[in-house]
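Lifted from Swiss-Prot, the feature list:
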{"type": "BINDING", "residues": "Gln85, Gly103, Glu104, Gly105, Lys106, Thr107, Asp493", "note": "ATP binding site"}
{"type": "COMPBIAS", "residues": "780-790", "note": "compositional bias 'Basic and acidic residues'"}
{"type": "REGION", "residues": "780-839", "note": "region 'Disordered'"}
{"type": "COMPBIAS", "residues": "791-809", "note": "compositional bias 'Polar residues'"}
{"type": "BINDING", "residues": "Cys821, Cys823, Cys832, His833", "note": "Zn(2+) binding site"}
{"type": "COMPBIAS", "residues": "827-839", "note": "compositional bias 'Basic residues'"}
Amino acid sequence: MANILRKVIENDKGELRKLEKIAKKVESYADQMASLSDRDLQGKTLEFKERYQKGETLEQLLPEAFAVVREAAKRVLGLFPYRVQIMGGIVLHNGDVPEMRTGEGKTLTATMPVYLNAIAGEGVHVITVNEYLSTRDATEMGEVYSWLGLSVGINLAAKSPAEKREAYNCDITYSTNSEVGFDYLRDNMVVRQEDMVQRPLNFALVDEVDSVLIDEARTPLIVSGAVSSETNQLYIRADMFVKTLTSVDYVIDVPTKTIGLSDSGIDKAESYFNLSNLYDIENVALTHFIDNALRANYIMLLDIDYVVSEDGEILIVDQFTGRTMEGRRFSDGLHQAIEAKEGVRIQEESKTSASITYQNMFRMYKKLAGMTGTAKTEEEEFREVYNMRIIPIPTNRPIARIDHTDLLYPTLESKFRAVVEDVKTRHAKGQPILVGTVAVETSDLISRKLVEAGIPHEVLNAKNHFKEAQIIMNAGQRGAVTIATNMAGRGTDIKLGEGVRELGGLCVIGTERHESRRIDNQLRGRSGRQGDPGESQFYLSLEDDLMRRFGSDRIKAFLDRMKLDEEDTVIKSGMLGRQVESAQKRVEGNNYDTRKQVLQYDDVMREQREIIYANRRDVITANRDLGPEIKAMIKRTIDRAVDAHARSNRKDAVDAIVTFARTSLVPEESISAKELRGLKDEQIKEKLYQRALAIYDQQLSKLRDQEAIIEFQKVLILMIVDNKWTEHIDALDQLRNAVGLRGYAQNNPVVEYQAEGFKMFQDMIGAIEFDVTRTMMKAQIHEQERERASQRATTAAPQNIQSQQSANTDDLPKVERNEACPCGSGKKFKNCHGRKSFS
């Protein structure tokens with residue numbers, strides 16, 4: 001272990017020596033740049049662009065370009081990047097993560113690699129965790145970029161598509177991580193090229209990269225459309241039922257936060273819903289509602305997992321930042337179950353039209369880099385998932401903060417008494433204090449206790465995060481007491497007020513350890529910026545969530561020996577700190593495994609999504625007749641239909657092929673079984689294809705010009721692709737839930753998901769081509785079709801998709817359940833295109 005640690009340290013030192021060498025070269029240009037006039041310095045941007053066009057690489061331009069930005073920052077902002085900031089900028093340009101402590105000037109550090117990469121003209125995205133930071137950084141640092149002749153855009157959720165397009169077309173675009181992701185998904189749902197807003201993804205520099213790429217990695221971005229639902233009463237009934245249960249009627253597994261009915265609970269459910277057997281197959285839907293109601297009532301906690309807004313909306317609370325996640329909903333009906341629990345309006349369930357995880361979203365950039373003060377603990381994940389190294393950057397001044405040993409109390413009550421007493425003592429002498437909590441509930445509790453103690457303070461949590469930047473900015477003033485949920489206000493520096501250094505600087509008090517060491521380090525890092533004095537102190541109790549769920553037997557045995565009889569007894573031990581860290585490592589390992597599994601599943605969809613989106617983009621951007629593509633689909637559809645009956649009785653095969661041709665290709669009277677008998681399969685395929693081509697030409701002749709033909713072809717393909725893709729996403733989601741159970745049968749769920757997902761994708765492609773063929777051949781096309789197509793193109797909304805899906809099923813001829821499907825798939829009608837009708 002010691003050898004491994006030594007090797008890691010030596011590697012870091014070697015990397016720092018390389019960075020320092022390049023940084024010195026950047027510094028060597030300082031006098032030269034300082035001697036230039038404003039006009040000459042500004043002219044360097046055009047010079048760099050020309051040199052890049054002539055073949056110089058960005059790496060060759062780096063020393064001089066970084067020097068230009070340093071001088072520009074000095075003239076425009078009055079700030080001159082230190083050597084350690086230059087080193088951080090080099091790491092960012094290389095597509096890695098410089099670990100820079102709080103207050104070391106990460107925002108200024110980013111200006112150098114952002115400027116350099118913008119020279120290539122392919123766009124640079126600076127990603128922040130909220131719109132306040134996007135707007136702030138774009139406004140402040142944008143002055144430097146604009147002065148140097150680069151355009152800067154801010155992408156906000158409220159902007160129109162035209163405004164977003166303008167922002168993305170700038171050299172540098174500031175945006176939140178969620179908005180970039182949603183814009184990508186929406187771009188792949190439009191039916192006209194002019195409605196797209198993004199350019200190809202080039203370089204992303206992510207601020208607070210651990211928050212975006214690690215903490216939010218488990219939460220997919222989902223674009224969904226409403227699906228009419230009559231199930232609200234079931235949510236309410238299930239909620240009413242579980243509220244009648246006592247603690248013996250359900251079983252909770254605390255470490256995994258799962259819950260299920262006990263035997264007595266099952267008996268009560270069967271009695272309540274008048275069932276003979278709750279787990280009969282026809283009751284599967286009901287058990288799903290009951291499971292969600294159990295989770296909502298006994299696992300999901302108000303003010304910890306979610307809050308209820310003033311207008312009665314359930315808002316998810318991000319467990320890592322303490323902020324509410326606007327627009328996000330718990331999936332799989334859990335959100336509706338919580339709405340039933342809290343007695344607010346139950347919103348309709350939705351059907352996913354497009355989704356992507358942050359992991360796969362950001363891996364699509366040509367180059368990805370990020371900044372944070374705390375990433376070393378997640379180094380393995382950054383390397384394996386994103387191919388990014390973590391390079392710790394030295395501080396410009398030595399850290400003067402004192403980190404005190406953790407204090408452990410027997411109960412929550414005794415711990416909070418000690419916290420209030422500590423705050424009272426420090427506040428009396430004027431020392432500013434930041435109290436960090438992991439939940440809104442704890443913030444409110446401590447706030448009430450401080451009010452009782454007569455201590456004025458500010459509370460910063462998920463309920464008032466609009467004021468968070470202002471509150472955090474004042475947290476370093478003399479006598480200030482601030483309670484902050486987790487890492488609320490992250491990204492805003494706490495600067496010490498006058499006379500505070502002499503009082504010991506800002507004191508950070510942690511009210512419990514978070515399950516992630518990184519979050520604890522972030523809280524500590526709010527104090528002691530740029531060599532300022534400061535202190536940190538964590539208070540723990542045996543009743544803390546982390547200690548209850550993951551406290552080891554060694555801790556319990558140690559505490560038994562200490563005989564904690566007195567409620568206010570406190571333990572201060574290095575061994576305790578090591579055991580807590582060990583528990584945190586276990587949790588981090590569990591969370592990493594979960595994120596890894598999410599990625600493995602999403603990688604299956606990623607490959608399929610990229611194929612669909614690439615083909616979609618080809619259709620949207622095509623300014624030509626798409627006839628060759630449609631004819632190829634027709635040919636493959638005919639081939640599949642004929643091949644599906646190759647092994648059947650010859651008479652039955654011919655009859656089935658004729659049925660397929662009449663329902664999907666040609667007018668009913670234009671083909672008969674008689675003319676196909678005696679022909680070989682290849683001859684039948686060719687005959688049907690030639691007939692289909694004649695019909696195809698007849699159909700297009702009804703459109704008045706080439707422009708109308710191209711528009712009709714595009715809308716036809718895109719509408720069908722979008723319908724089938726939406727259905728496929730839903731099917732993959734159901735498959736994922738189903739294969740999860742196969743782990744109990746010693747089968748690898750991910751491998752099964754990959755295999756079955758691939759087969760389903762092939763089936764979907766066949767279904768797309770069949771629907772394009774049938775619609776092309778059978779559609780009633782009139783002269784005004786172009787106007788109708790154009791109108792449909794501007795309203796490609798999920799509700800249109802729903803009606804289109806219904807229309808497709810209704811167009812099928814009357815076929816009995818167990819007959820072969822006329823699409824030629826070889827499946828029974830009830831298992832193919834008839835599935836939706838019968839369901």
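Every residue, even glycine, has its Cβ placed from backbone N, Cα and C.
For the recorded ATP site, residues Gln85, Gly103, Glu104, Gly105, Lys106, Thr107, Asp493 set the reference point as the centre of their Cβ atoms, and the other residues of that chain within 8 Å of it by Cβ are Met100, Thr102, Leu108, Thr109. The DSSP secondary structure for Lys106 (ATP binding site) is helix. Following the DSSP three-state reduction, the secondary structure of Gln85 (ATP binding site) is helix. Residue environment of Lys106 (ATP binding site) contains 21 other Cβ atoms, counted within 10 Å of its Cβ in all protein chains. On its own chain, Asp493 (ATP binding site) has Thr102, Gly103, Met473, Arg529 as residues at least 6 apart in sequence with a Cβ closer than 8 Å to its own Cβ. It is Thr107, among the binding-site residues Gln85, Thr107, whose Cβ has the fewest other Cβ atoms within 10 Å in the structure shown. The maximum pairwise C-alpha distance among Gln85, Gly103, Glu104, Gly105, Lys106, Thr107, Asp493, the residues recorded as binding ATP, is 17 Å. In the three-state DSSP scheme, Asp493 (ATP binding site) is classed as coil.
The C-beta environment of Gly105 (ATP binding site), restricted to residues of the same chain at least 6 apart in sequence and closer than 8 Å, consists of Leu79, Pro81, Tyr82, Gln85. Comparing local CB density within 10 A for the binding-site residues Gly103, Glu104, the maximum falls on Glu104.
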